[in-house]
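For reference, the structure discussed in these notes is given below.
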Amino acid sequence: MAADGGRAALPCAFSPKSQQFLALCAQDGRLRIWNTDSKTLQQEYVPSAHLSSACTCVTWGPCRAVQEVPQRKRRKCEAGSAPELSDLLALGTAAGSILIYSTVKGDLHCTLEGGHSGPVNSVQWHPEDSVLYSGSDDTHIAEWDLQTGKVRCKWKADRSAVSSLCISPDGKLLLSAGMTIKMWNLETKEVYRKFTGHSTMVTTLCFATTRPPDSNGMYFLSGAAHDRLLSVWYVRSDGKDKNSVVSFTLTDEPQHIDLQTSNCKDEPVRLAVVCKDGQLHLFEHFLNGPCKKPLSPVCSLQVSTMKGDSPVPVPLLAAALRADRQNLMLAYGHHLQPVMEKTPFNTSERHICLVRDVHGTLSLSVDTAVSKVRLFFDFEKLRLQFIDLTDCVTTEDICTSSLQTDSFAVLLVQGLESNDQRILAKIFQTKKEMLIKNTVARLPPQAVLPLLEELSRRLQGHPFAALLIVQWFKAVLTQHTSYLSSLPDLVSQLGSIYHMIESRVKLYQQLTRLHGKLYLLMTQVATNNSAKNVDNISHKAKLVYEEESSDEDEDSRDEGCPEDDSDNWEEDEAAMELTEDKKNHKDEEDDEEDDMNDESKANGDSDLDPENESEEE
């Protein structure tokens, strides 16, 4: 039985019993289902809102039949017989919804919404009834009816977030955990037991036995964040079960657990734990009472690959115990293309190191003949379209074209995962502040740290490129402040960036002073040059214009040629003198006329009209 890993780990789980399939949710929200027998990609599904609501947990359904969900609650489901629960996957999302995916149909079976207001941290199937239980950050537990797709019951579990759930093999009890562990009676929804002992958030819960608590043989184990111990709790019928009875020692906090339960006291519990450091630890213990000292693993396994002459550790993603108790199913390497291997193990050896050529094994072929692969985004086609567009248009044209913010976010995540420098270079050339802000806001939290590492590397390059990179830094630090502040090793991760920026601005004041002095000097030089140009100005007129006194002279001057102006100066002066004499003579005649009129007025002649004069005559 696979338990929920820590929230820092990628959600992954082997299919029950046969371990034929491995379901793994990538950082960009894609669900990949790998066939462990053929080592090929069986199916791939990308939810429509995978960037804004990434997958937080994944759980396979138990091996039994369930009634078909009604048509109005299904999404693109085909009519037919009732599906097997072992063919269904429950995916909890950061948006509070639960996706039920069918591996038979290769599509979404149904969506459970409206039960939680916060991210779903754990999902558990009931072993018998058509019921699903989910725990969320909103401190509530929801009981879902898979026949109707609605919440059957919902209750408050704790004052803090519900980080993990586990149902007893008989389906009568439910374990929930946040900072404390509570055991609920599913019939009455009341607390049956309460356990305290972890100082951090509990991330793993697992029943270790199939015996009921009345037989004084029920055990379960728990693991917490930043805790290197797995605690085993004994559920007693008298209620005197306050402390853990057994502890298992680990090298780091647990991320993935697979357990083979004990059906009787003479049968040991077998446990496979994958830690955060990538190591696998195997435990085997008879649960028949308390044990004072922490138990060490009977065997520890590490996968490594040769890089030059020295081995390099390869992190394990998940591990499962085979039913034959002689073999292990391992998944290791990169989550985009994990390596799956069935290997025997011998507990007589305390430490096992498997040397594998991971780089050669990563060239796994993807099963392209599977017709049930459902993709909402064709990443490769989108990448090629992006490269073709960038070859013929500028970045501004791309920003204003059909490649909107969602496409940039998808391309950025793909570029970070595949380390495609061509895609990253084109994206980081974007100058629009709003586009950068919206793209960073749509990134999943798992892509924030890889983005900061890539920005830090590019910041060390040419200063002109740093002008664009700083805008991305600002967007990441403002949009994902809460996520970054929750990281325990934030100082070490951002320390190099801080020292780099501090070294670059260290000489800023000196450069500013130098810039001011150079500005004053260049201004003075420019002023002196302008003063010299003023002294060299010639005061001699290059053109003299005289306004003419007569229009006739002006017309005659216009008709004449410029060469004749100098020869006709004397003629013009003589004409002007003659005109003035005529004018003076005319003025004298007018004066004499006025004098005669005055004399006639004085003699009374002005009263007579010319007609009267003619009558008198």
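Glycine is treated like the rest: Cβ placed from N, Cα and C.
Annotation comment: TrEMBL describes 86-164 as domain 'Anaphase-promoting complex subunit 4-like WD40'. On the 0 to 100 pLDDT scale, the model's mean across the domain 'Anaphase-promoting complex subunit 4-like WD40' (86-164) is 90.
Per TrEMBL, the feature repeat 'WD' maps to 113-154.
The domain 'Small-subunit processome Utp12' feature in TrEMBL is assigned to 419-521.
Marked as region 'Disordered' by TrEMBL: 545-617.
Annotation source TrEMBL lists compositional bias 'Acidic residues' at 546-575 (among others).
Annotation source TrEMBL lists compositional bias 'Acidic residues' at 588-597 (among others).
The compositional bias 'Acidic residues' annotation in TrEMBL covers 606-617 (among others).
With DSSP states grouped into helix (H, G, I), strand (E, B) and coil, the domain 'Anaphase-promoting complex subunit 4-like WD40' (86-164) comes out at 2 helix, 43 strand, 34 coil.
When DSSP labels each residue, the domain 'Small-subunit processome Utp12' (419-521) comes out as 84 helix, 0 strand, 19 coil, counted as helix, strand and coil in that order.
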